[in-house]
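S.K.: Okay, here's the structure, questions in a sec.
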Ligand SMILES: Nc1ncnc2c1ncn2[C@@H]1O[C@H](COP(=O)(O)OP(=O)(O)O)[C@@H](O)[C@H]1O
Ligand SMILES: [Mg+2]
């Protein structure tokens, strides 16, 4: 049985011109594997991730023929049961630690909250677990970071904290939504390597959302390509070059390669794509 | 003896506190000096002759000149200012022309009356307004929110004197639930010797529970009306601050962690708005301490708002400047205090 099964997922928002669908009926299955979702900005990747966590607030509307996580129907699950899943079995790393961490709470407090919400351990044990989780993302002086506020750490450090916070209860599935897009290029692969190691070591499932085809093919087993709210291509990470859809081919062609001599990278032919 | 090495070491906490404290005092006294300069200048530019105020306008020229010399008004302005600062520091604000009593003494009587009412008002405003604003934001668009928004709007639209008169007519004249105008029933006046000037406190300290009850019955209505206006304002601001925070990413993070809604609201969003609330509450309190002239008039409340208005109407400059000084000092004090709280509440401001 698969870990997550989604059929015909749709997300829509009302607008002046009537409801606008930003996710237009996507379906996929996921085991304990690393699935990448790529697509340009605005293609509906984040909305897909948030719909899975049931975090789309009204007036946004989510519908699906099927949305089942480990045998539990995410659409009909009571709020309380959903809260028990979040953080413990299903978690999410967001784009920019500058905004996704609470600015007026210490890092230690924010991390131990996950344990508190799920009724794990007493105060002292929680502290130990948090320090251990900080060490697991290769933070050398966890005691110091534990006491610090988010504004006192760098972006890369902040994102490592975020990852530690989201794996501390060893969830079955973690969604990482552009986890390095807000970081300096120099620390991006370091953060991704740390995350990848943890995911493999703990045997978790991962949905890695990114606009970067290279990055996704490096860290994922399978890739979904999204365009304008639809999945236009599904393939194994190794078989990207066999992609058939013009959008994916366009994306591939616009990735620069070392040692090549092209004066200009090709751009997507949107007029042709508009008809698909 | 141990040598203390200060070089290259982080400044020890005790020393840092000392520095912060010294800086705090320095800004405080500088601001106060600025305030004194303003009241001094106002006193010199208004077209009211302080000498005439003393001697009357039918005094012969020799008397006028003699008094002017005695009052130091022939000195250069900077010297006059130094004298002014000196006498203010000694608590001398001059004589009130109309009553021929020291202004400082009169202020000592009227300010506590306002302080007592304003304090009750702000307590009501904070303890009802803040939760109301939070609840409204947490239930945005639902009926609780609508009700709280209407109350907020009412606080904006209803004139204070109207609410005061209607309140008096209903709760005092008709229902007899509360005492009427004034701070006490007539026959209770003078039973308790003023120590702090706060009647509730003085009567409780003296164990005069009859006086205490009377004072409560008189202050309850005006305090609630003031409280209503401040709660309407505070609830409105709280709601908008909360909505702002609830749309932030870190709120999503809290939910991703599995936080119950109560924790999302109170521990995460509310913790972040405390900083802004301090400013709003401070401002609101300062406004109440200025003395609501409308309420003080309707309720014959011998407070500073009433005092200042009468002094202005009588062109009693010493009284006007004295009251202005007190109100200015209150603003400075509250401002500094919210600054201090800001630093305690916001880790980003501590660096
Ligand atoms: N609250 C909202 N109301 C209306 N439209 C929204 C809302 N949030 C997102 N959208 C729209 O949904 C589309 C998909 O957004 P998103 O999933 O964030 O894209 P991305 O693939 O870049 O993560 C975008 O066009 C965006 O404008
Ligand atoms: Mg996105």
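Note that Cβ sites are derived from N, Cα and C of the backbone, with glycine treated the same way.
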S.K.: Under TrEMBL, the annotation transmembrane segment belongs to which of these stretches: B:215-235, B:236-256?
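M.R.: My reading of TrEMBL: the transmembrane segment range is B:215-235.
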S.K.: Which one of these stretches, B:150-173, B:174-197, shows up in TrEMBL as transmembrane segment?
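M.R.: Per TrEMBL, the stretch marked transmembrane segment is B:150-173.
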S.K.: Any residues 6+ beyond the ends of the transmembrane segment (B:21-42) with a Cβ under 8 Å from its own?
M.R.: 80-81, 84-85, 88, 321, 324-325, 328-329, 332, 336, 340
S.K.: Which range wins on Cβ pairs under 8 Å with the transmembrane segment (B:215-235): B:117-138, B:150-173, B:277-299, B:319-338?
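M.R.: Checked against B:117-138, B:150-173, B:277-299, B:319-338; highest Cβ contact count belongs to B:117-138.
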S.K.: Report the listed stretch (B:117-138, B:150-173, B:319-338) having the maximum count of Cβ pairs within less than 8 Å of the transmembrane segment (B:277-299).
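M.R.: Selected stretch: B:319-338, with the most Cβ pairs under 8 Å.
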